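Student: One structure follows; several queries about it will come next.
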Amino acid sequence: MHAWPDPSVPAVAGTPVPLKLFDTADQRVKEVDTTPDANGEVGMYVCGITPYDSTHLGHAATYLTFDLAQRQLLANGHKVHYVQNITDVDDPLFERAERDGVDWRELGTSQINLFRSDMEILSVIPPRDYIGAMESVDEVIAMVQQLLDAGAAYELDQGDIYASIDATEQFGYESNLDRATMEEYFAERGGDPDREGKRDPLDALVWRGHREGEPAWDSPFGPGRPGWHVECSAIATNRLGSHFAIQGGGSDLAFPHHEFSAAHAEAALKVERMAGHYVHAGMIALDGVKMSKSLGNLVFVHKLSEAGHDPSAIRLAVFAGHYREDRDFSDAILAEAEERLTRWREQLAGEVSEAEATEVVDKLRAILADDLNTPEALSLLDGAAGDCNQIIATALDGLLGVRI
């Protein structure tokens, strides 16, 4: 599946600073392991959308987080292999299509196209591999077979196959949650703890046997379709290898999704740890209230763009808060971002020596390399009034994706 056009990302002046990010598994900020893989690249996998509804600013903020991370790596001279999936076969998609009386494939295609447009508007660097679940069914089948062969999965009636949480000794290391919280989140976030016959309520579905009215693919263990978590396990490891630098997504994916996608890959491929970093972005609220379609308070990137808001201002509004925090979006925050952008553009005419400009860029690099500290980065640039020349402007484009 194709992604969206690449934005122009200029080279950045100054001295590279190793990127440090907060790792959910280790519960600390630590340096990203940028040891190149066999292809000389640093691997990053970010979970994509389930295309049953329009993506909103909360989704966009997550992808802006990992766009920032990739920009820091690129500015440091690393080659990045970025992979993102699309969960284009899943219950929410089928349910929404049935409710609206449309074909689930058509619904998925329409929402994927809208997402591509939003990402292009925001100058998000696209993944090299943009992979739908339907494209990767054979890869999922192979991984499910590996789990079965390893004794890490078992079959129940109706052709369903589940992976055992005790297949790896380290299950739970990624999210660091206690058992009670795992059970709560599992039930709330797509799990089926009450499924009769499961060895453990937390065992996750990796293959759903065929039901009438649902799409199905043939497999050695019967017709059916992939479970949610194993899709990402297969897509990521088939492109980035059994161990790679960063797995990312929203904070709501830490458990169960990232915990299980890591566990499935580790059990199937017999590796200790799938990703060096598990990185999670906070949620976005509108005027202090979590964005929800039922509340009618979703903010859409394409609507903001149609209303004449500069994409760079939208990025700055998101960057006003730290990526790991649950944070707010409002008309006032967007207006402040637009004022900031205007002010910076006026500063572009300021005369400053190359040495002075490079000093500002070095400070900006260091701040962003410290767990993508965008609030401090914006404060630094606000304080550089009159010090903005082309060297700094280019750094803003390369590191922040903000064009002045």
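Glycine residues also receive a Cβ, built from the backbone N, Cα and C atoms like all the rest.
Predicted, not measured: the structure shown is a model, and the values here were computed from it.
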Student: Which range is it, out of 188-193, 194-199, that shows up in Swiss-Prot as motif ''ERGGDP' region'?
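Tutor: Of the candidate stretches, Swiss-Prot labels 188-193 as motif ''ERGGDP' region'.
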Student: Pick from 49-59, 170-180, 214-224: which stretch is listed in Swiss-Prot under motif ''HIGH' region'?
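Tutor: Result: 49-59 is the stretch Swiss-Prot calls motif ''HIGH' region'.
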Student: Swiss-Prot tags one of 125-129, 155-159, 290-294, 305-309 as motif ''KMSKS' region' - which one?
Tutor: 290-294
Student: Restricting to the same chain and to residues at least six past its boundaries, which positions have a Cβ under 8 Å from a Cβ of the motif ''HIGH' region' (49-59)?
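Tutor: That would be 86-88, 90, 92-93, 95-97, 107-112, 114-115, 118, 250, 283-284, 291, 293, 298-301, 304, 314, 318, 329.
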Student: Which residues of the same chain, at least 6 positions away in sequence, have a Cβ lying under 8 Å from the Cβ of TRP228 (L-cysteinyl-5'-AMP binding site)?
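Tutor: Listed in sequence order, they are THR87, ASP90, GLY190, LEU205, HIS257.
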Student: Apart from CYS47, CYS232, HIS257, which residues in this chain have a Cβ no more than 8 Å from the mean position of the Cβ atoms of those residues at the Zn(2+) site?
Tutor: ASN85, THR87, TRP228, HIS229, GLU231, GLN247, GLY249, LEU253, HIS258, SER261
Student: Six or more residues beyond either end and a Cβ under 8 Å away: which residues meet both conditions relative to the motif ''ERGGDP' region' (188-193)?
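Tutor: Non-local partners: 91, 201-202, 204-205, 228, 252, 255-257.
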Student: For ILE49 (L-cysteinyl-5'-AMP binding site), list the number of other Cβ atoms lying within 10 Å of its Cβ atom.
Tutor: 21
Student: ILE284 (L-cysteinyl-5'-AMP binding site) to CYS232 (Zn(2+) binding site): how many Å between their Cα atoms?
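Tutor: That comes out at 24 Å between the alpha carbons.
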